[in-house]
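According to TrEMBL, the features are:
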{"type": "DOMAIN", "residues": "1-83", "note": "domain 'ABC transmembrane type-1'"}
{"type": "TRANSMEM", "residues": "23-44", "note": "transmembrane segment"}
{"type": "DOMAIN", "residues": "120-354", "note": "domain 'ABC transporter'"}
Amino acid sequence: TSENKVDTLIRCRYPNVVSNRWLAVRLEFIGNCVILFAALFAALSKELVWGISAGLVGVSVTYALQVTDVLNFVVRQMSVLEANIVSVERVAEYTEMPNEAEWVSETSKPPANWPSEGAVTIANYSTRYRPGLDLVLRGITARVKSGEKIGIVGRTGAGKSSFALALFRMIEPAGGSISIDGRETTTMGLHDLRKRLTIIPQEPVLFSGSLRFNLDPFGDYSDEQLWRALQLAHLETFIKTLPTGLDHAISESGENISVGQRQLVCLARATLRSSKILVLDEATAAVDLTTDNLIQATIRNHFKDCTVFTIAHRLNTILDYDRIMVLEQGEIAEMDTPANLMADKTSIFSRMLEDAENESK
């Protein structure tokens, strides 16, 4: 609520104000001590061997009176410099970061219809986020047939999202390989790989602009195709109620539409591309059950011939999938049909289902 936001602002702002006031008191005290000693030395100078003139006494006291302001200025500028030098450090760090792999590889360009099947082979694949860190995926091996629906589950930190990043080569392999339709993903350019796959992330990505631009930023599709995609995403009725239709203005991050509608726009964008491989990274975690059911219905119908990897938040949405991949500490702990895993009461997946049922009660 607004009151909570105000409370949070005050909790952050109050220590800043208090510390500044305490700093001012300390600087004033130090400055006044300097003025005091300057005045004392001036008053006692007649009794000292190195007596000074009245003019020099006046100059010394006058300059001493400015010490407080100078101290305030110097200390505050040092604080600003210390805070802003972090930006310089970050810029220097970013300039030294290693570049991604080449964007387009002319020597290893996949065919125009790749991937035509959507079969995925993972061979002893391992990866880490950067050199020196622990592996987040460890020796994963699996074969996914064309058109198979794979549910990916696991506890927090098990490596589910890392698996999705690995498919798109957002993180590079530390060992092993991932092949799609017989072609290793590391042999092709990043653009050739990523534009052939589709992902619906947990946080929907929308840009400031028209709905048409968010659906088709490169102008590759006709209005008829856009309306068909909206129909498949169960957004057609809502968009038709808007005065400007496809030209409806979307604010940055889609703040002027609901979370569920943002996710459905991403779903419509995915149906337009007609990729053979679709990845859902907890795409329904933040939406209501109604929107979740709409998304699942579209996936089952429109993407029935596609290979689908679903990182599931609600386990009941993947019970009709072909197989379930259970990740634990970056390794595949279990991979079997939902029926077999549920029949085995000692399986991790079966225990996760029980925990989910207990939480819902």
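Placed from the backbone N, Cα and C atoms, the Cβ positions cover glycine too.
Curation does not apply to TrEMBL; its annotations are automatic.
Within its own chain, the transmembrane segment (23-44) is flanked in space by residues 52, 57, 60-61, 63-65, 67-69, 71-72, 75, which lie at least six positions past its ends and keep a Cβ under 8 Å from the stretch. Counting residue by residue with DSSP, the domain 'ABC transmembrane type-1' (1-83) contains 75 helix, 0 strand, 8 coil.
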